[in-house]
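Here is what TrEMBL says about this protein:
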- 286-455: domain 'DNA primase large subunit C-terminal' (DOMAIN)
- C296, C376, C392, C432: [4Fe-4S] cluster binding site (BINDING)
- 463-498: region 'Disordered' (REGION)
- 470-498: compositional bias 'Polar residues' (COMPBIAS)
- 522-561: region 'Disordered' (REGION)
- 537-546: compositional bias 'Polar residues' (COMPBIAS)
- 548-561: compositional bias 'Acidic residues' (COMPBIAS)
Amino acid sequence: MINSRQNYLNAKRFSADLALEHIIPHNVCFYLIPPIVDLTIDEFEKLALERLKMLRLLEQVTAKNPKVSSESWREAVLADVNQAGLRTYAKLARGNLNDDVSKAARRRDYLSHFILRFAYCRSEELRRWFVAREMELFKLKFGALSSRDVKDFLEVYELDYKPLPDEEKLEISEQLCASTSNLTRLKIETQDFYAVHFTEVLNLVRDRKCFLKGGTAYITPDHFAHVIGKKHQQLIEDGLKGHLRLLPTLEIDERFSMLLKSIHTSYTGKNYTVAKTGCVPIESLDQLTKKSYALCMRNVHDTLRATHHLKHVGRMQYTLFLKAIGVTMDDALRFWREELTRGKVPIEKFEKEYAYAIRHNYGKEGSRINYSPFSCMKVITTPIGPGETHGCPFKNLEPSALKMKLTGYGLTTLDADEVVGYAAKGHYQIACGKYFEVVHETKLEEGINHPNQYFELSQLTMEGKERPRQSQPGRNRNHSQQNSQSTQDGGSSFVMDTSTLNGAEEDLELWEIMEAKDKEEYGATYEKPAPIDTKKQTSPNQSKSTQEWEDDDFDMLEFNE
């Protein structure tokens, strides 16, 4: 009976995969038909995180190289994709092939896109971010297509575009040469040109970057990619609106609800849950802060040294960081005892209350959970109240205050302005990466996603070692006291910041302990941060109504022409 049921399920899945293969016959696709396949929760989550990691990588490369040529941008993306081990997307960015590996990559790409639609349809800010990243991914994949691949794509989606016949191109070759100043005559003769209605490329007409005749604009393959991209963009925007209407039905299942709400703030990097085996003496912390601490941790450390006190979220953020860099529990107890008793905390109170919270952070008290140190996304999204110094300084400080702090740490005015510029645009992790480059006088080859990653990279840089290729760690499951479990599907696996995934509910016991202490100390109620509501995470520069969808917000023509 069991075998019969298993055979039935296998047959059902086989037929679903065949149907999926039929609707995605090309590496570049329009995501027209929602897939009907059976996925486990683990597969659902894994696919979502894999694509999220890819989209974040695209965001970082684009923000760091805003004015480079399309080819340079592409090379930078592919280098990071290969380093991150994202084999699915590396395969899709190599042109259109029909081997088994390509078909498996298409399947993962197609399914993950529709999964993330549910995660990113719920607010204007999330939609804006998702559309921009998806268009960058489209640009990466479409740019790898040969002329034959482009023709196949147009036939698959029945788009009424064709390359100019050689005879027609020869007739207008002089005009094509005059309207494309960056192309030689030889290149014009060897590459395809497309004829489109002038209303589809108004920006090119306005800037006189195409030959116009009888209402028809003759454009290069690069510009033609923008035309197709606009259609792709419109389909994604419409799809997000449709998914938003379906969202209440899906969120009846709490498993999906919690997962979808937390995907945008999920951590997809190396696992820092378990402390390093090497011991970092607390006497070296002051020296380490000068180069090896990310600004968020340096800010917390300097505040503690100056005031001999931190509120409970700051204490937890810093203690978990210290645990992960290799500070032993005994040294952490000694460090906090020396600092807090210099302030207003009597030694008896420290031993009775604060010491328990530190041992709890190390997984030695209470439910003995091995807590993960805060990732960048958790540092950025954790609410900050009056008198608190945790969180991300690149987000929380005003530009003038941030510049003052950076110059106080030894950055030149020019370097500080560049870092502040990234922060002002909302690129907090890129600002952190630039801060790293300035402090260490080196080029950073990967984005900063975790304060402990920053520390590790700093130590390797100062030791003159090359960073070893990142292994693909297993994901961190809820309430797990072990490292992680390995996943090997599709060549990628991820570490999940589970405290973010569950809205910090796994820290409930620790929150309550620390909350009680702060109530006694300040005589005021401190509200535990609620699960992150992505609807409220709007940037200060966004004042548009959530119902407003401006065409120029996602204009493909802004891509590096």
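Here the Cβ of each residue, glycine as well, is placed from N, Cα and C on the backbone.
Just so you know, TrEMBL annotations are computer predictions that nobody has curated.
Using a 10 Å Cβ-Cβ cutoff, C392 ([4Fe-4S] cluster binding site) registers 26 neighbours. Counting Cβ atoms from all protein chains shown, C432 ([4Fe-4S] cluster binding site) has 27 others lying within 10 Å of its own Cβ.
Sequence-distant contacts (6 or more apart, same chain, Cβ under 8 Å) of C296 ([4Fe-4S] cluster binding site) comprise Q317, V379, H390, G391, C392, P393, P451.
In this view, C376 ([4Fe-4S] cluster binding site) is surrounded by 25 other Cβ atoms within 10 Å of its Cβ, with every protein chain counted.
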